[in-house]
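Colleague: Starting off with a structure, shown below.
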Ligand SMILES: Nc1ncnc2c1ncn2[C@@H]1O[C@H](COP(=O)(O)OP(=O)(O)OP(=O)(O)O)[C@@H](O)[C@H]1O
Ligand SMILES: Nc1ncnc2c1ncn2[C@@H]1O[C@H](COP(=O)(O)OP(=O)(O)OP(=O)(O)O)[C@@H](O)[C@H]1O
Ligand SMILES: CC(C)C[C@H](N)C(=O)O
Ligand SMILES: [Mg+2]
Ligand SMILES: [Mg+2]
């Protein structure tokens, strides 16, 4: 079975080591969580996995093939997709075209890409928005477009960088359901970065915790919730608050 | 030895012209992401302001007869004034426009200034005697260098340091850079951004006028086109120097000047007319190797 | 059509060429007025139509077509070959005679535009050759330096003439050469090359034109180089001399003098007339070819008895040393331009230009040489 | 959701309307029947070709190119080399290879080869330049233009240097120019709706996301560069045939800026904008000229100060951009009138008056 | 006397009305949460208050001045500090320079320098990571670090009212805690008035204070945050959203 893996990945910027010898693996159908304080290196890791950042040490591989050194578009064509922390939609284009572009990037004809884009929009639940200009969408819908765009061509892996940021609890719950379907129905391996701890604890297994560029803990949700280290480095009140982190989630 | 020194001075003095131009352009580019194609026309305008409007062949000197200690501030003020006027009447409306739109607007504005000058002065270049004392050669280490060259080089270096520390260390400089990055956000933090930008335009206009003075005294000509060439080289220097980096712009300006002089000196006579092709080839090569510029200004690399 | 005689000016009324076209056209208008006052051409008054080229080539073609549409028998085009050619070609394709106001490239004629095209001025090469020969013979210049501004064909023409003349001057030596561009803000590097010569050359052949010429001259003098500077006619005029205070040892060939000291008194009379009509003195010698042009064309029309192009061209081509106010003119079926001409030499001393001599190159420059 | 019609079917209205507009201009010229007016319309068609060529690259990629007029220069000289009488070439351009001197093609064959020649060089330059983006790319394209200009201005034997090359057959008929302009419009349309066109437009504002979508940006840009280079080359060839002379200076900064201005004023991201920009600005220029000439009739010619019309043109351009910073058309295209809801734009101004007859 | 008063404020983008006749007052020292689903008009309302998007109708008073249609910098100088949605750091400036921009406008005051040093110190204490990287370029920071920076920067202006659009966006839970602790502390010490937009009502219920719920450009509910958390109206308002 093909796995997406980071092997001793190190990234050093001038005067700062963003990642040091990080190992991480995602298998198809699995939802792996990645949490950690701000600046821990989560986004940097996603950048390394998708070719936007060259590691100063270590390697990234997909099954047997080494991905490091490939350009982002080449890695995407190998079946590793991602979303961005800031959305990064093609703001001037209609929603449908946002998805179609990825189809084209993967070598489909326009006709085929449109057909898939339509199906995909329905699948992520925003079929009705196909003709809206992406830049005018509300936040939540933007996130769905971004996810739909990443899912074009059925990638083997998709890396989601804070997809629930700015969402209300109800919206986050809908998103959680969608992510489950990505792993379940599509058989996609998901790497989920989120600060909505409830969402991560609910969805992911295993969960890796990154702090100052190093993995400090990996394990099942219960173990993470219980970990003193994680609580100290990251959780704050979220861990012991009485309030449900996801109000409306069962 | 003195020949090499002479070449060095040639390179430096041509480079200073480009560098001064690059500073003026970089300043406005930094503030508004505006490639100001009217800069060259501000250069020309500042010099024509020394002449009375007349379409006669012979220039009718007006303010050009002032003593140097009045003449220089006058020209600088004209440049600054015109530039501020351009900001108020035109560029202010383009704060949120795309760079392409602003560029074409500045081009259209330059067009208006140019034809306005043409209307007042006709298309024939006017001859003027500006600061004639500067045409005397001086001896430096055995090389005879026109005084003007020496002054140009010194002035450029002084302006560079003055301007950089002004932008680095003063509140005005900080506010200018902040407004450059995100106009609305700067205003929300209480920065009087319009004033700040106007200040940048005034500085840039004064720099243009300084170039006009140098060109005018060097060539003895007021020509509608006089700023165009310097402006192009300056624009290139701004980019290969690293957008947003004033020292980068100046270094690149000097480099371009040096490249041009050195090629002029070393190329065989048959290849000399092709000099600029080599210079531009070098520009492309630099851009390919360092697309972010020689001294990549801070903020030019965007993280994902 | 034959009830009118129409001269169409497809010239620049704005832009950079206007500085040359306007005076020459004014001079042409003076000749037209003279002819009309004397009863006209073939008994008809000459009518004039204008179209502005705006110093733009595409507009030039349009301007040419415009005056042709309005019935021009003679199409007068911009002074410069490059800017006049589109309108001249329009005339050529309609089989009409065209005259460049003052172009000095051989291509402004049969060799470029075609068999119906003429220029009223003298080839640039003649200017270069004249200056070389005169400086050698009259000033004893032996060491020459050649400084070419590669901007225009005209500039190259001057240096070509200089190159043609040099081998015939037995003791003359080319001690160095260089090029620059008219728009170069600084020619310091070129000047450094001159200064690094073991000794200052006797004369610098400066093949350039406005506006870069002023800058080059000023920089040469500012660097302390005092050699004779030889030029083409393009730098004639005193309007720019204030830029180089006290300029001396500076020589320009001209077809007629604007300084009031032309040996031919009629030229001074013309200057007065010009001032009367336009309100100003002629500023450069490029005023004069406009007058010559109408003069020779009108003569050819009278002799042919018609404005029909073929006949007029035939008459023009018969002209051999045809006297005009500004020196004799010769046209042949091979050349519609002057490859030999009498030039006045103007020397500027202490900022004051004055005619000091007159020179005609010994033999015409061969057409083959000009086409190299 | 309603079944989508094919993309071509949905968007074909744009080139058809634009062609009809161009045809109307041509018919107007025929009806007026004056030579200079005919020439004016020819000029407009030439600019349409050039601006549309520019649009193919600039509009779709968002990279401002100062270099495209270089391809026009290449095309114009290629046309000269291919269509001048061998006699003229022998004397004016003796440095050309003998086979080329001997060759004399009809203008249309010359134009096709000129387009290919320009495309070839676009490919060569593009291979290097398309790695750049943003303003660095713009400067590099300018450097390319300046190189071409310097070489063509000095390569005496092959280009005649700065001197005008004459002897190029002159076309005074309007139809070849009309056909070429329509051809350019259709090529640009075809490119815009192609996979490459869409990929480029997506990458215009979000290159990062585009590469995360599998788009090979340098490659897509290169394709656009070559296609637009070909159109510019064809435009150059016809330019040469329209006035019968070529000089390097014709194809330098002046033309670069006027074409860029027309594109931006029309609306940089829109093919309709490219065409309308030319038609509107050219008509304006012409109208100003007539106004000027009209005033000068009767009175003496030098009574009117030169340059008034240029000043007016500059002011109008600034004004148009001040009120419509994305240009007259913005990112929209002309289309059949239909009631398709246009979503509110997040940035830029509302353009309600254009919504009728305009579709995205 | 209220610090901020909105009456009948309407905001339009072209033909779209984003905020409709909203009236609202805020007393000095009060904490007000604005929640509501996507597209409710929360951000638009904040932008109107800050002077970035002038309202199409209505009137806004702040600190005894009518600020309707006034320039953002003038409003800021009256003591309103706004942290807009999305992270508007000055990417090419260093962290410290970013903070200093906010401090610039009180430069004429006598004890300015001391106050600025003090304010910097306070920001660094709240967000130590910013101190560590004070000379780093702000654009290179991680998403959450940038969020810390803009919040810190807003406090540098020594404001009377801080309006923050989604402060917790992208922040780790423990950092979100710190942000709120700091804000509440300031509110206690300096009578700082807080206007906070949060998508989720969780925080409001934890922190307490007043809360309004917007939907479709109108204020639906206005009341005590903790009480509202339980209310049915609240739930309904959110669920109503599902239909788009
Ligand atoms: N290009 C870069 N140059 C210098 N430092 C960088 C660069 N990219 C990231 N960093 C630094 O690396 C660290 C890790 O950043 P990263 O964006 O990966 O954090 P993160 O875990 O995603 O945080 P957040 O949750 O806040 O998004 C941060 O301290 C950041 O400032
Ligand atoms: N610049 C704009 N141009 C056009 N429409 C806009 C603009 N900004 C916001 N809108 C629209 O106005 C409405 C209100 O938007 P606003 O951003 O104020 O909502 P919000 O409550 O802050 O939502 P969110 O939770 O997504 O931040 C939305 O329908 C939005 O699409
Ligand atoms: C402008 C003049 C100097 C032009 C010159 N007579 C020529 O032939 O081009
Ligand atoms: Mg991150
Ligand atoms: Mg919002």
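Cβ atoms here come from the backbone N, Cα and C positions, even for glycine.
Here TrEMBL flags D:339-360 as region 'Disordered'. According to TrEMBL, the feature transmembrane segment maps to D:12-34, D:40-58, D:65-85, D:105-125, D:132-153, D:173-194, D:222-244.
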Colleague: Does the transmembrane segment (D:173-194) come close to the transmembrane segment (D:40-58), meaning at least 3 CB pairs under 8 Å for residues 6 or more apart?
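Modeller: Yes; at least 3 Cβ pairs under 8 Å.
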Colleague: Select the range from D:12-34, D:132-153, D:173-194, D:222-244 that forms the most Cβ-Cβ pairs under 8 Å with the transmembrane segment (D:105-125).
Modeller: D:222-244
Colleague: Take a look at D:12-34, D:65-85, D:173-194 and tell me which one has the most Cβ pairs under 8 Å to the transmembrane segment (D:132-153).
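Modeller: Most Cβ pairs under 8 Å with the transmembrane segment (D:132-153) come from D:65-85.
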Colleague: Of the listed stretches (D:12-34, D:173-194, D:222-244), which one yields the highest count of Cβ-Cβ distances below 8 Å with the transmembrane segment (D:65-85)?
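Modeller: The stretch I would name here is D:222-244.
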Colleague: What else in the chain is close to the transmembrane segment (D:222-244), if you only count residues 6 or more beyond its ends and a Cβ gap under 8 Å?
Modeller: 39, 42-43, 46, 49-50, 52-58, 60-61, 68-69, 71-80, 83, 107, 110-112, 114-119, 121-123, 125-127, 129-130, 166-171, 176-177, 180, 183-184, 187-188, 191, 196-197, 200, 250-251
